[in-house]
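J.: Quick one: this structure, given as structure tokens, is what I'll be asking you about.
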Amino acid sequence: MPELAVRTEFDYSSEIYKDAYSRINAIVIEGEQEAYSNYLQMAELLPEDKEELTRLAKMENRHKKGFQACGNNLQVNPDMPYAQEFFAGLHGNFQHAFSEGKVVTCLLIQALIIEAFAIAAYNIYIPVADDFARKITEGVVKDEYTHLNYGEEWLKANFATAKEELEQANKENLPLVWKMLNQVQGDAKVLGMEKEALVEDFMISYGEALSNIGFSTREIMRMSSYGLAGV
């Protein structure tokens with residue numbers, strides 16, 4: 001991950017900062033809401049893991065409340081319609097997969113892609129966050145690694161039967177991540193978050209997850225290439 005110095009020149013009360021923050025804050029709130037709903041739906045597909053998935057969902061709901069408090073602390077109203085549109089692609093793909101009972105695709109979208117995206121965003125945000133948001137985000141990111149681990153472990157245990165669907169789901173959903181990164185880069189930069197750092201941190205987390213599941217380095221490079229044209 002590119003080394004980031006803590007920057008102190010931010011005026012967290014400026015209109016420029018608060019305008020960008022209204023969208024970034026909304027994105028993280030909506031991301032946690034998506035995660036909450038997704039884990040509850042996955043509990044329907046994996047009744048044997050219902051207790052664990054419900055626990056993960058409750059954690060995501062707590063995260064959402066924490067990020068709502070971050071917005072309140074800066075007196076910013078999150079632009080939730082913007083955030084809902086931001087997640088529309090992944091949301092639609094998850095709901096389609098859920099309706100067809102495709103648990104592998106659901107796990108890839110939520111437990112790998114969305115979690116790795118969140119980890120990247122939070123890691124890059126922490127050094128440049130205001131003091132209140134930094135404390136909240138540091139606590140959240142620790143939880144997200146455990147959520148990523150849940151998806152890894154389930155998919156690793158079922159790798160032989162899940163591999164083909166994982167490759168197809170990656171092909172369909174990874175390009176959406178690059179579209180999302182491109183869409184958010186202007187606002188992220190105002191907050192001190194560089195797109196290149198977000199991309200690198202995401203690929204580290206996502207690539208490590210794919211490796212832990214059972215994909216070879218060559219396979220991971222091929223799977224990662226589906227998004228490179230959009231970076």
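In case you wondered, yes, glycine gets a Cβ from its N, Cα and C as well.
Owing to the predicted nature of the structure, the values given are computational and were not obtained by experimental measurement.
Swiss-Prot lists Glu32, Glu60, His63 with the feature Fe cation 1 binding site. Marked as Fe cation 2 binding site by Swiss-Prot on the basis of sequence analysis: Glu60, Glu115, His147.
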J.: What's the CA-CA gap between Glu115 (Fe cation 2 binding site) and Glu32 (Fe cation 1 binding site) in angstrom, rounded?
T.: 10
J.: Sorted by position, what residues of the same chain at least six away from Glu32 (Fe cation 1 binding site) have a C-beta under 8 A from it?
T.: Glu60, Asn61, His63, Lys64, Phe67
